[in-house]
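Trainee: Below is the structure I would like to discuss, written out as structure tokens.
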């Protein structure tokens, strides 16, 4: 049985085969993750990728598997976070696919959720022109999360769908055709250990959340941080809230750490199609054009009102983001 045989009408016909191939590999990756430590050490370091990040064995296994599965498909160009350059899979192909084969691999040995993130554009004449374009040109984007359940969240530009893997039939079952980001939540996700490196608007926003009922927001907030983008995204789609990975003052973090092609564009696509918001703190993510395959960007996404509020902090005069929260124009009546 093909992975999406039970709901063929939910996937555009020209993407059905590619989605089946992605789904088949995801099922095998999920099985290997479940057996990790029995047959092989999936968490062992086996090298570094093009940006110098350590590669776990499962990073390489997943990348090889997805690339091999897409040979002979409609995918003309394949760009992976684990590879320096894009490769041509099919000269006659009509699609360009970017992928983070195993997001959150630093969590493998702790048994936290990891995932696969993918983005699909129409193929252009070259790999460069296919991928170095705005996220608004996407025709599909999504992620697979390998957790207590294996789920696929995907958008084809007409809302966001949720599929759950049925282990018995080894197929993905469509459980929600119109996922929506809850508009209200008291949760935010950020790595607070980097507070001293953040810009003033980001500090001001977090300060106001931490101030709780005694601050201008008048309510208590909870902080979350999993260091797994797919897990953070999945929680926000279920419960609302906001995720922040801003730029900061450290060397190499001037544009954040998340990659536009492989992480930010597809996640922003899923979130905005579900009624949420996604920016770099000031401008919409999907309106940006990356300068190179592995370009990074600050990334803030979640419930639309919360993302808009963070953007408003960036619009305040500097003296107000430096002032005590009670004096900020954002909260004046």
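Along the chain as shown, residues are numbered 1 onward.
Note: Cβ is positioned from N, Cα and C throughout, glycine not excepted.
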Trainee: Among 214, 232, 254, 263, which residue does Swiss-Prot annotate as binding Mg(2+) 2 together with 100, 103?
Mentor: 263
Trainee: Which of these, 81, 82, 128, does Swiss-Prot list as part of the Mg(2+) 1 site with 100, 102?
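Mentor: Swiss-Prot names 81 for this Mg(2+) 1 site.
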Trainee: Fill in the CA-CA distance, residue 81 (Mg(2+) 1 binding site) to residue 103 (Mg(2+) 2 binding site), as an integer in Å.
Mentor: 10
Trainee: Any idea which of the binding-site residues 81, 100 has the thinnest Cβ neighbourhood at 10 Å?
Mentor: 81
Trainee: Please report the number of other Cβ atoms within 10 Å of the Cβ of residue 104 (substrate binding site).
Mentor: 23
Trainee: Check the binding-site residues 105, 106, 191 for other C-beta atoms within 10 angstroms of each C-beta and report the one with the most.
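Mentor: Highest number of other Cβ atoms within 10 Å: 105.
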